[in-house]
Amino acid sequence: MVYGRVNNSLNDTSYDVNIYNEIAYGIIKYFFPFSLLIGTFANCFIVYIMRKKSVKSSVSVSIILCLLAVSDTTVLWTSEFRNWSRVAFNYDFIIQSDISCKFTKYLFYSSSHFSNWLVASFSIERMLVVWTPLNASRFCRSNRLATYLGLLITCIFGSNISWAVYSRIKLINGLGKECATEIPSSNFISYIPLINMILTVVMPFAIVLIGNSLIIVGLIRGSNRIEDGDSVAARNQRRITIGLVVTAASWLLLTFPQAIMEYLRPLIQGRAYFLSQTVGFSLLYLNHSINFFIYVLSAKTVRRELQKSVLCRLCNQNIGREERLLRVPVIRRRADVRKIRNQAAYPMILTQMTGMSKSNKKISSRLTRTIDQIC
């Protein structure tokens, strides 16, 4: 399917020199490593941010987004990194052994399908929050969420076991090797890829499309019914919902071209199809890389936590340097003020600070105000 098609396309057009190949190989050489590094860093930061209590406005959303970041990173390293290394270094780690062939294919398809269903999951969760806010907490309890995620992982990773069973290294006319999947000729087994596609691609697409439509309708209907007492909580839930709707919409737009690429093959012939397929995969990989930036743009709590994580670290480093220069502790928080006042050393600290030069006093007060504002 997807994994084999990009492999065959790269093999079939490796030595054709034309404008289509120039563009396609340029995309693979330069865009793939860029999105791989950006996506890996961004997904790791999602896991770090979602562990913070200040961001956990919804436990179910935080858990699902952390799992989504892990599955997205797995897809990037099992597919995008592999295709880039084949073009840039002429090295394909998947064909080194049967074990690498089986494991990489199984991990790629399982992670990709798991990512699809996670997007569908938070579409369902947000739909419940928008349409049945009183019952949403009952449906999204921790024990029920754990049960649902356990069943989802079991079903997806179990249904993709055929990739690990039937994949193996195969010689291509004695000229090279490829990781091929050969399903035995059986009436039931022959339908497994079709059933797998319906369960892991078609159904999540339908759920996300219908769920987002209902969420948008619910947001429009409820925009004028926010009571004054619940305005803060309602606005927070609204921001979370809008951010997740944008994430799901970007997932639909960026994965749809690659999903229909096989059906467009009769219309796009030869090397133009290779370029079209490369663009489709670029959009697919971009989908697994940009979720963090969507959260930053749409969620105020994520932006605030990002500001704290980056700026506070820089400010603490500057304060540590100034403490060594001034030889007195800089009061960083109001809690530190109360703590120091209760200590016997407080008069001595005041005496030391009164003996500072005006420039040092300005430095200390400026750093203190900065930390109070940011942290």
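Just so you know, glycine gets a Cβ as well, placed from its N, Cα and C.
Automated prediction, rather than curation, is the source of TrEMBL annotations.
It should be emphasised that the depicted structure is a prediction, and the values quoted were computed from it without experimental measurement.
As annotated by TrEMBL, transmembrane segment applies to 30-50 (among others). Here the transmembrane segment (30-50) has Cβ contacts under 8 Å with residues 56, 62, 65-66, 68-70, 72-73, 76-77, 80-81, 83-84, 88, 282, 285-286, 288-293, 295, 302, 305-306, 309 of the same chain, all six or more residues outside its ends.
Residues annotated as domain 'G-protein coupled receptors family 1 profile' in TrEMBL: 42-295.
As annotated by TrEMBL, transmembrane segment applies to 57-77 (among others).
Counting residues 6+ beyond its ends, the transmembrane segment (146-166) has Cβ neighbours under 8 Å at 63, 67, 102-103, 105-106, 109-110, 113-114, 117, 121, 181-184, 189, 192, 196, 199-200 in the same chain. TrEMBL lists 146-166 (among others) with the feature transmembrane segment.
Sequence-distant neighbours of the transmembrane segment (194-220) (same chain, 6+ residues past either end, Cβ-Cβ under 8 Å): 1, 112-113, 116-117, 119-120, 123-124, 126-127, 130-131, 156, 159-160, 162, 238, 241-242, 245, 248-249, 251-252, 256, 259. Under the heading transmembrane segment, TrEMBL lists 194-220 (among others).
Residues annotated as transmembrane segment in TrEMBL: 240-260 (among others).
TrEMBL lists 272-297 (among others) with the feature transmembrane segment.
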**Fill in**
In the same chain, residues at least 6 away from the ends of the transmembrane segment (57-77) whose Cβ sits under 8 Å of its Cβ atoms read 35-36, 39-40, 43-44, 46-47, 50-51, 107-108, 111-112, 114-115, 118-119, 121-122, 125, 129, 140, 142, 145, 149, 236-237, 240, 244, 285, 288-289, 291-292, 295, 301
